[in-house]
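Encoded as C-alpha cells, the structure appears first; notes follow it.
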Amino acid sequence: MPTNFTVVRVKDSAGKATEGNDEDVDENNVLKEEEEDATGDGVPKENSPFINNTDNDKANSYDGTNMALFEEEMDSNPMVSSLLNKLANYTNLTQGAQEHEEADDDEGTKKKTVKSPQMGTFMGVYLPCLQNILGVILFLRLTWIVGTAGILESLAIVGLCCSCTMLTAISMSAIATNGVVPAGGSYYMISRSLGPEFGGAVGLCFYLGTTFAGSMYILGTIEILLTYIVPKAAIFVAERKEDEVDALLNNMRVYGTCCLALMAIVVFVGVKYVNKLALVFLACVILSILAIYAGVIKTIFEPPDFPVCMLGNRTLQNHNFDKCLKTEIKDNITVTTQLWNLFCEGPELNATCNEYFDNNNVTEVQGIPGLTSGVISENMWPEYGPLGMLVENKKLASVPGGDPKQDIYMPYVVNDITTFFTLLVGIYFPSVTGIMAGSNRSGDLRDAQKSIPIGTILAIATTSFIYISCVVLFGACIEGVLLRDKFGDSVKGNLVIGTLSWPSPWVIVIGSFFSCCGAGLQSLTGAPRLLQAIARDGIVPFLQVFGHGKANGEPTWALLLTAGICEIGILIASLDAVAPILSMFFLMCYLFVNLACAVQTLLRTPNWRPRFKYYHWALSFLGMSLCLALMFISSWYYAIVAMAIAGCIYKYIEYRGAEKEWGDGIRGLSLNAARYALIRLEDAPPHTKNWRPQLLVLLNLDSDQGVKHPRLLSFTTQLKAGKGLTIVGNVLEGTYLTKDTESKKAEQNIKACMSAERTKGFCHVVVSSNLRDGVSHLIQSAGLGGMKHNTVLMAWPGTWKQSNDPQSWKSFIETVRETTSAHQALLVAKNVDSFPTNQDRLGEGTIDVWWVVHDGGMLMLLPFLLRQHKVWRKCKMRIFTVAQMDDNSIQMKKDLQMFLYHLRLDAEVEVVEMHDNDISAFTYEKTLVMEQRSQMLKQMQLSRTEREREIQSITDESRSSIRRKNQGAAPGTSLSRQSSTAEDTQEDEAQLIHDRNTASHTTINDKADAGPERVHMTWTKDKLFTERRNRECNANVAVRDLFNMKPNQSNVRRMHTAVKLNEVVVNKSQGAHLVLLNMPGPPKNRGGDENYMEFLEVLLEGLNRVLLVRGGGREVITIYS
C-alpha cells in the first residue's frame, strides 16, 4: 500500500526556508565521530538519530526556528528534517578483518575517506558461501559415503542435510532482512532475536563449531599431504599392517600441530594475506569441481585405466606389487611375483601359502568402468560393516578358506571404522555448513537485505545440485569396491575422486589441498573475531580478557584460545571423529536460528517486518525439528554433550552475566506466556492443595530511602524459597510529581536489598498523600489478575509507645483490619532484626506453634515451608494447644496427633491447661495503667495543625486590634514600643488559647454544644493571673478524676488472658528459635485500638522471635491427596 509524504517548508523569523539537508556539516567531524563509535568487535555502536540520542551539538540544532510550541520537546525528540537527513546518510562501516587490515596500512593515522560498501550479491555472498560449503568432505569422504551407504541412502543423507540448511537459510534471510544487521553474522542475529542468554550460548557453540572446523580442515590438509602427495614424509612408519592406523594418526598429530602453528602465525602477522589468498583458494575449489564433471563426461567415451586387483572377491592393497598375478613366465620359466611373496612364506613355487590365496584366482576389475557401464545398479544398496570387515565384490566367485583371524595381517582393503547410517550423517553434515558466510560479511555488502537471501539460497541450491549429482555420478561411474576404499589403497594410493577427474588426478589433489588450507586459515581468522565480539558484548564475564588484542584490534588472546581448542581436535587426529563434533555445534546454531524466526513470526512483534517475504513459522519449525533430529541421528551422546554445554552457558549468563535489553523474542514469548497463564489463573481461585503464601511484604524506609529491616526480606526468602509470588511494597507520603525522584531511588534501594537477600520477586513503591491510604492501595491493587498476593507480611511497630505520633500504631491496626476485610492472611514479625540471615544455619532447636484458635491451618503450613530452607532445616516442630476447664486434654492430644499424621507433618504435640484463676492484682493494675494512659492521650489530642491554625487566628486578631489601637493613639508613641507590645500580646494570646483548649479537653463533663469563648484583647495583669488560676484548677480536677477511675471489666478479662497466656508461652517456648502465635483480631470499636496494642504487647512480652499469624478465612492445608 503506497504512502504519500508531503514536505512542508517552515520559515524562520527572517523568512528563510530551513531544511534538514541544507545544514552545514563538517565532514571531518562526522568521520571522526563515526570512527569513535566503531568498536572493531563486529558489532558497531549505533549512531541512532532517534529519541534519547545524546548529541553534543543538539542544543544548537533548533536555533532560528519558529516551532516554539515544540521547543521543549525538541530537546529529547528530534525534528523530522534532521531525522530524515541522518537516516538517508546512514552507513554501516565495514567491520572485522578489513577494518583491521586498513588500520595496519594506515599505521595509526586517521582515515580521511570512508569507502561505502560496494560488494554485490555474487562476489559478497554467493561465492563466499560456495567456497565455505564445498570442501574437505566432498574431496575426501563423499565417494566412500556413496560406496558404503549406497546411492539411495546417500541421496537421503544429502537430502536431509541440504533441506536442513535450506530451511535455515530461509529463516536466516528473514532475520537478516529485518533491519540493518551489523557484521557479526549468526551470533548477532541470534543474540538480538533470542536475547543474551540464548545469544551467548549459541554464539559460543558457533565459535566452538568454527574452531573444530579449523581442526577438520587442517586434518584434511595433512591427510592429503601424507596419503596422496608425499607419503614418504611420514615420521611414524608401521612395520606391521595392523599398526598402520596408529601410525597414520600419530603422523596426523605431529604434522597437524605444526600446520596449526604455521597458520596461527600467518593469521597473527596479518589477515590481509589470508584475504588476498581467498581468491586463489576459491579458484582451486571451482577448478576441482569442473575437473570432476569433465572426468565424468570423458568416461562416456574413454574411461581412465585404474585397474583394481581382486583375490577371489576380496580387494587387495596395491602398494607393494606391480602386477596383479600370482606367477608369471620369464624366459620360459614360471616365477613368482611380488604378490606371491605377500601371501606365501617364500618365493618358491612349493612354499606354504595362505589357504584363501591358494583356493582363489587373482583377477583385475576396472576401477572406473564409466557412466554407461551399468555399474549404477550394483551401487544402489548399502554395504555397512564392522571395523576390519573386508571390502568385497559379491559378484565375483570366491572359495572360502583359511583362518579369518589372519586376514588382518594380509594386504586386504578393510573398513577402518564401523560403519552405519547415522555415523555417515554426522561425517557428511560439515560439508553443507558455511551458509553463514554471506551474513558474516553483511558489513561489506552494498545492499545486505537484498544480497543475503538471494546469494545464500542460490549458493545452497547450487551446492545441493553439485552434491546430489556427484552422488549419482560417483555411483554410476566408479566400481563399488573402489568407492568403499577410503584411502585409495587399491589404486596405488591415488585419491579416489582424483581417479575420476580430468585431465589428471593431481588437479583434484592439489586443488583439494589448497582448498583445505584456505578453509583452515579462514576458520582461524573468523573464530577469534566471533569470540571477540561475544567478549565485547559483555554478556559472559569470564570472557572479558578475550575482547582485547593488538593496537589495531586484532584479537590476539582470542587467537591463542582458538589455537588451543583447535589443537584438541588435531590430537583426536581422525577426520571421521572430529566431523560429528562440529556437526553438533553447527546444528545447535542452525536450530536456534530457526527458533528465532519461528518465535518472532508467531509473536508478531511490532518490529518484525522482514523484507524477505518467503518465510513461514511452519518452515522454521520444520527446520528446527530437522536440526534436532539430525543431532541425535548423527551422534546422540555428542548431542547431549553439546546441549549440556549450551545449557551451562545459558544458566551462567542468566545468573552472572550482564543484563542486556535487546528487545529479543524470548522476552516477547515470556510476556505472551505470562499473559496466557494469568488469564488461566483468573478462571478460579487456587485449590487448597495448591495454596501457598503469595506475599506482599510491607517495608519501612529511613529518611535516606534505605531499608530499615532487611531481615524481613531474609525471612521472605526462607519462607518462599523462590516459589510463588513475592511483592515488596513501600509507601512514600506526598504527591507523585514531587516525590518522583525519591520513589525511583527507593525502588532501586529495595531492589538492591532484594538482590542482596536473594529475594525473588517484584518491587512496588506507591506515593500517596498519607501512609494509611498508600498501604490500603497496595493491599487492594498489588499484583495482576490471578497473580495477586494472599498474605501480607510486615514488621511489628516496636517503637509505638515511644512515638509521639499515634499514626504509626493506628496505621498498623488499620492494616490488620484491611487484610481481614480483603480475606488475606497476615504475618507480623516481632523483633525481626534478630531473625536469622540466609547465611546462618540454626542448630538443634524448635519452631513452636501455639494453636489457640483454628485459622485455616496457616500455623501448620508455615513451619513446614520454613523447614524446607537450609536455615531452618535442623529445627523440630512443636505444636502447643490450649485446653480449658471443660476440655479433655488427653483426648485433645490424641486427636491432634491423628490430625498431624493425616497432614503428613512431623511434630511434637503438647496440650497446655489454662484454668480460670482469680484475676491477680498485677493484672488489675496493668489494665488500670493502660486505661489511664489511653485517657490522658485522648485529653491531649489537639493536633499540631489545630494549634498552628488557632495561633494564626489569634495573631491576625492581635494585629488588627493593635492597628485599631494605633489609629486612636497619640502621634508621639514610639514605633519600637508598639512592636514590643504586639509581640508580648501575641505570645500571651497563644499561650492562653492553648491552655484554654487543653483545659476544655481535660474537663470530663465537657459540653459538646458549647460555643467557643470570645477572646477579649484588652488585657490587665489581674485578668492574666485569673486565667492562669482557672487553667491550673481545671487541670488538677482532671488529674484527680484520672486517678479515681476504675478499669473496664472487659479490658480486665482480656488483660488477664494476655498475662496468663504470656506466662505459659514464655515458660514453654522462651528458648525456641521461633514462636508462631495466633494473632487476635482488633476491636470493632476504634475507641479501644490503643488497648489492643497493649494486649498484644503483654502477650509478646519476654519472647525474642515471634511471628503473629492471622488467617485469611479459608483452609490452606488439607489431609486429602
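Quick reminder: no glycine exception, Cβ is built from N, Cα and C everywhere.
Look at TrEMBL and you will find 20-39 tagged as compositional bias 'Acidic residues'. Per TrEMBL, compositional bias 'Basic and acidic residues' is recorded for 944-960, 991-1015. The compositional bias 'Polar residues' annotation in TrEMBL covers 973-983. Taken from TrEMBL, the feature domain 'Amino acid permease/ SLC12A' applies to 125-303, 414-696. For 710-828, 831-967, 1011-1121, the entry in TrEMBL reads domain 'SLC12A transporter C-terminal'. Here TrEMBL flags 120-142, 154-177, 198-219, 252-271, 278-301, 417-437, 457-483, 503-521, 557-575, 581-603, 615-639 as transmembrane segment.
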Paired segments the transmembrane segment (503-521) and the transmembrane segment (417-437) in contact, 3+ CB pairs under 8 A: no
Other parts of the chain folded back onto the transmembrane segment (417-437), taken as Cβ under 8 Å at six or more residues beyond its ends: 125, 128-129, 131-138, 141-142, 145, 148-149, 153, 157-158, 160-162, 164-165, 168-169, 172, 185-186, 206, 209, 213, 216, 382, 384-387, 456, 459-460, 463-464, 467, 576, 579-580, 582-583, 586-587, 630, 633-635, 638
Positions whose Cβ lies under 8 angstroms from the transmembrane segment (557-575), at least six residues beyond its ends: 136, 140-141, 208, 211-212, 214-216, 218-220, 223, 249-250, 252-253, 256-257, 260-261, 264, 267-268, 524, 527-529, 531-532, 535, 545-546, 548-549, 581
Surrounding residues of the transmembrane segment (581-603) on its own chain - C-beta under 8 Å, 6+ positions past either end: 164-165, 167-168, 170-172, 174-175, 178, 186, 189-190, 193-194, 198, 202, 205-206, 208-209, 212-213, 215-216, 426, 429-430, 433, 569, 572, 615-617, 620-621, 623-624, 627-628, 630-631, 634-635, 638-639, 641-643, 646, 665-666, 668-669, 672
Secondary structure content, the domain 'SLC12A transporter C-terminal' (710-828) (per DSSP, counts of residues): 57 helix, 26 strand, 36 coil
Average pLDDT across the domain 'SLC12A transporter C-terminal' (831-967), rounded to a whole number: 73
